């Protein structure tokens, strides 16, 4: 669950009994539950992000980096079992204090603080529906009292810092700073099945510069390797929803080799990705590379409107009609296309026909910016005008169709159709469930390998839960986020 940020790339309720189980390796598994959160991000210091492809081979344009990974048999590791709810969120138990007070938390790489409701939370309704930490009941409690507040992509909390022992699986982290939440305004956390959030991000984004739980695990020698990994089980009928491993990876839950890509920005678990394909066709925007972030605290795939619109069109998803887009096509479509054919610089096309104001930063909405950069007021208002945005999207769409050698009429018809498929501001679209089998897959190129999502994975509510009789909710929104397989801190 990430703090608010500006992103270019890269985000649901059921009760299961929490089960503790010890296996022959002596590691404790703690049952977790999964639930929906909205747009959530994460920030980290430079490290590496690891992905496991659906299938070996295919589509690799360059060799992926490989590194040693740490199996459970090679190093001591702590395992927390996960519960799966609607393939959208995974959560489970920790304990705070002596004797331990148990709480259900989201293990979230999108934030860095640990917080739980406080017994001193009197005026927020959400606190009365969740477990609350009582400092007077713990013999290891240390008073701090410093005020703290966190604003998430959706929802917020405020309270004060305290210090106590925190138990995660078999590990006991001593003198851990955390936030006692005394205010949980709104309804974000009211109906949630979790009590709080355990951030697995890095200290650079920690509110109050508090040392994250993961840091203290390493600093106190509780794990031998600076690695934590997730296994997320999509089989909702299975007893295990997944697991998070601190200090290693579990070879029972993956096949093939790992793919490593470096973290490219000090902040989020941000990495470079290659092309994004619909079926076998490129979407054009990422042919030269994009930035993406991996976030364990969110469930949706999200991306720029330019690409999501193409996906909607390819799979027949409902969308909204953009009159600005249609106006640009009708009045300037042929002119834009002629300029592109004449080798005009794509980023300057919209400013040259006065849709976007040139100030040295034109085309910024087409660039692949860092996902952690905040919006800037330096560029002119014209860049963010609806007509400017429509023009810039059109340039990307036309460039892509020119690469495919479409005719002028085919390109103009294609772009005009896309104007009817823009994603809803609410981030949801729908398709006919019966058409799933004919839909194309969506693939992401990461580390030179293709990671393919089948239509059933994209439209998870149809394929897994059948919550609709004739239409299904799409698993895409305005950010793109990958369920994290493994994160490793290097250095």
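Yeah, the Cβs are placed from backbone N, Cα and C, and that goes for glycine too.
TrEMBL does not curate its annotations; it predicts them automatically.
The signal peptide feature in TrEMBL is assigned to 1-21. Taken from TrEMBL, the feature domain 'Peptidase A1' covers 90-491. The active site annotation in TrEMBL covers 108, 295. Look at TrEMBL and you will find 121-127 tagged as disulfide bond. Per TrEMBL, domain 'Saposin B-type' is recorded for 320-360, 384-472.
Annotated features taken from TrEMBL, shown on the structure.
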residue : record         : DSSP class
108     : active site    : strand
121     : disulfide bond : coil
127     : disulfide bond : helix
295     : active site    : coil
Could you tell me how many residues in the domain 'Saposin B-type' (320-360) are helical, how many are strand and how many are coil under DSSP?
26 helix, 1 strand, 14 coil
Around the Cβ of residue 121 (disulfide bond), how many other Cβ atoms lie within 10 Å? Please give the count over every shown protein chain.
22
Cβ neighbours of residue 295 (active site) where a neighbour is any other Cβ within 10 Å:
31
Closest of 121, 127, 295 to residue 108 (active site), Cα positions, recorded positions only:
295
Cβ atoms within 10 Å, counted per site: which of 108, 127 has the most, among these recorded positions?
108
What Cα-Cα separation, expressed in whole Å, is found between residue 127 (disulfide bond) and residue 295 (active site)?
26
Whole-number answer please: how many Å between the C-alpha atoms of residue 121 (disulfide bond) and residue 295 (active site)?
29
